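The structure appears below as structure tokens.
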Protein chains: 2
Amino acid sequence: MSVTAPRGFRAAGVAAGLKSSGARDVALVVNDGPDAVAAGVFTANRVKAAPVLWSQQVLRTGLVRAVVLNSGGANACTGAPGFQDTHATAEHAAAALSGSADGGPEVGAGEVAICSTGLIGERLPMQRLLPGVAAAVAGLAADGGLAAAEAIMTTDTRSKTTVVAGTGWTVGGMAKGAGMLAPALATMLCVVTTDAVAGPAMLDEALREACRVSFDRVDSDGCLSTNDTVLLLASGASGIAPSQAELTAAVTEACRDLARQLVADAEGASKEVAIEVVGAAGEDDAVEVGRSVARNNLVKTALFGNDPNWGRILAAVGTTGAAFEPDDIDVAVNGIWVCRSGAAAEDRAKVDLSGRQVAIRIDLHAGSAEATIWTNDLSHAYVHENSAYST
Amino acid sequence: MSVTAPRGFRAAGVAAGLKSSGARDVALVVNDGPDAVAAGVFTANRVKAAPVLWSQQVLRTGLVRAVVLNSGGANACTGAPGFQDTHATAEHAAAALSGSADGGPEVGAGEVAICSTGLIGERLPMQRLLPGVAAAVAGLAADGGLAAAEAIMTTDTRSKTTVVAGTGWTVGGMAKGAGMLAPALATMLCVVTTDAVAGPAMLDEALREACRVSFDRVDSDGCLSTNDTVLLLASGASGIAPSQAELTAAVTEACRDLARQLVADAEGASKEVAIEVVGAAGEDDAVEVGRSVARNNLVKTALFGNDPNWGRILAAVGTTGAAFEPDDIDVAVNGIWVCRSGAAAEDRAKVDLSGRQVAIRIDLHAGSAEATIWTNDLSHAYVHENSAYST
């Protein structure tokens, strides 16, 4: 049930005509409380879309009553007019929510976060978006989570939702994007909700730790979006206050589940690749090595060609600053140790790459830290989809 | 005439059976002097092929009498046995050259540099390579430069050679690779020769500056090879000693010419893209921004699709640490300023991307430094070629 699985939340997803396909393109998530606590993590790209700049301001208060999300346009690189469009959207949503007959609280525009995704550099059609927001307010429902998850899809072939059960409280979530939080393919948007009782600092800590080991470990194509946003909203409706560790664990599980769904549905991918780096001197080294391999186009095209080309993997490892000796490195592809001590070992012909799941294990023999990075292959379909997206 | 254009050099290119196609695969360049001064620049990859480790030792003396180059195998990630193979190749070449009836000087193995290119992770077939080296010695000729340039080709569709005239002295060169020195696609090998009189320090300075603004500004696919090598050999046969500035300028011109030929022949590319970054606070900023755009797969696939997607360009700029304000950036594609002050400007439909040459100009409005990075698009042919290369 997505973001409406926890108590205290309603959601909606409507078709406002932003997408030429006529599919749902405006989503709304409302926190009916009693609390309206929130935390957010945003793209590290210095070119930030108007909704990111807006929502960063909103999140500064730690108070969010509603999130409006639209597909069909990123509202990025649109200058001051684009920011005014975001502001107007928040005002419109706040007014509609305050005037609705559902008995909810008065909502100010400064309590409405905005997320957008789609083509960069074009203004949003406000004459369609604002009626869409009104329709979403009218359509809010306690089981609206799935419709909302559909409305934020762009090149996604299926919606991504999750539910994680705590003890008497719940975490729910939805996400879109064929990519990742830090480096991002198209744009990644994610809203996670919970009915746990938690303050803003606790939410912030839970969300940052969850992102660090989930979305930040996904690197589909190394591209960092202008719009990436992950929000965590808490209603407190369960009346139960978990510990920091319990909350962090549940939010992390939700984010990991959504991150895996993003990789599984990445644009044009024919492989889901887990790059496990072990024996690293530190976790940062493991992440750096994993990310370098994940971003290497020669490794990615080899995987598309079902070729266990470990030489390209070693070449990618060699570009990092991680602690290792080249002659110590072992590499396994789908369980076959094709490289031992930096040179050929088991017969590469033994590697079965016919399936969709690929596991690459790299042992640096430099320590005991480890990390896993998730990525995809580089396929004809990726080139096709991304060469035709905006024209 | 490639590396044999300057006086004092002979070369050969023979077919030793390393390539299954039966094409030339072993090249030899010999410096007959009177001088045998040399400088070298090698891959920054920490996983270095055996011939790179060997040639780095050879170059430490600043004295190189011959270079053996082979395609058909990189001899990278081959451990101690691979290094012994390289050593044996140098010994074999030195013995053959010393025993030949051409009146040349005695040659020691420590004066023979080795370069290899091809698949990583497999031993070279020494039973073919060593007879090939002997055949190359027997075939040395003052007009052998073109045959040598052919023998180092791998996925290159044509050989790359250059000649630059000084005043009474000459610079010649050959290169292979569909990529670059710093980040490298497959492997880039380059030998530049001159009959100018120059000491090792002068050669070293000329070569480093030349590489900095030529091969180091090419970024076809962001991948850094284990084998990249650029060598500069001086015979002094002209008897003329140019100034440092004159030598640097001529070597730079030769390297730039070869670098452009590499980009023009990059694997599967349908576009040659010049990314000019102007208005940067410093040259390092300009290079960082240009390289970030050059490596962005979303930008590269858009160019393949003839789509002037400036939003993706801005998103790539935004991932750098360069000095700029997002709202100041201008972007032109093939002369049309599609983005001004970080937002849409001229109609993108005006951009003509039907040709092979693409010029992207990015004005950061943060200073007066500039740099140009050369790259390619990301095409179906790139995916095809690199998904099938080793299998």
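Counting starts with 1 at the first residue shown.
Glycine residues also receive a Cβ, built from the backbone N, Cα and C atoms like all the rest.
Here TrEMBL flags A:THR187 as active site, nucleophile. Annotation source TrEMBL lists substrate binding site at A:THR154, A:LYS176, A:THR187, A:GLU267, A:ASN386, A:THR391.
Where TrEMBL records a feature, it is marked here on the structure.
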residue	record	CB count, 10 Å
A:THR154	substrate binding site	21
A:LYS176	substrate binding site	30
A:THR187	active site, nucleophile	28
A:GLU267	substrate binding site	26
A:ASN386	substrate binding site	29
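Proximity to chain B, defined as a CB-CB distance below 8 A, holds for A:ASN386 out of the recorded positions A:LYS176, A:THR187, A:GLU267, A:ASN386. Between the CA atoms of A:LYS176 (substrate binding site) and the residue listed as 'active site, nucleophile' there is a gap of 8 Å. On the backbone, the CA of A:ASN386 (substrate binding site) and the CA of A:THR187 (active site, nucleophile) stand 13 Å apart. A strand conformation is recorded for A:LYS176 (substrate binding site) in the three-state DSSP classification. Across the structure, A:GLU267 (substrate binding site) and A:THR187 (active site, nucleophile) are spaced 12 Å apart at their Cα atoms.
A distance of 9 Å separates the Cα atom of A:THR154 (substrate binding site) from that of A:THR187 (active site, nucleophile).
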